[in-house]
């Protein structure tokens, strides 16, 4: 084996890790949880909302922690906005109904098992989107995660980070 091959396989020098390094917060993180589903309303006006909790230290987000309540149609709005205005491939949302019930108007969407399955699917959806570097700059994502009410008449565009100002 040549000397250059041996030199290329040597380990890089690294500093020893202490407890602060090992158990401190990661350098950049974005955590989004969907939890606490609540079904509200009666009859045809009945729907389920979910709490969307975000924690981050990414400088692009104005709030480091937020918790908002969203319904399925809000996730549909976000998906449509991202498909219309961004350059990212948007993953699919979980299905709208568990199964067809020909004599039931709600199609099983208020059954606990369906609500939990949808919650998991929505959590996967939002984490895939939020994990994409280009999506993190989209104003619609920031509004979805951090503002109590979604302004559906907002002006689409990019969010300027601290370094962009």
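Placed from the backbone N, Cα and C atoms, the Cβ positions cover glycine too.
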Which candidate, of 27, 73, Swiss-Prot gives the annotation phosphoserine: 73
The annotated region 'Disordered' range in Swiss-Prot, which must be one of 1-20, 41-60: 1-20
Segment-level pLDDT (mean, integer) for the domain 'PX' (28-151): 90
DSSP helix/strand/coil residue counts for the domain 'PX' (28-151): 47 helix, 29 strand, 48 coil
Neighbour count (Cβ, 10 Å) for residue 23 (phosphotyrosine): 8
DSSP state at residue 23 (phosphotyrosine), helix/strand/coil: helix
Cβ neighbour count within 10 Å of residue 73 (phosphoserine): 10
Rounded distance in angstrom between the Cα atoms of residue 23 (phosphotyrosine) and residue 73 (phosphoserine): 39
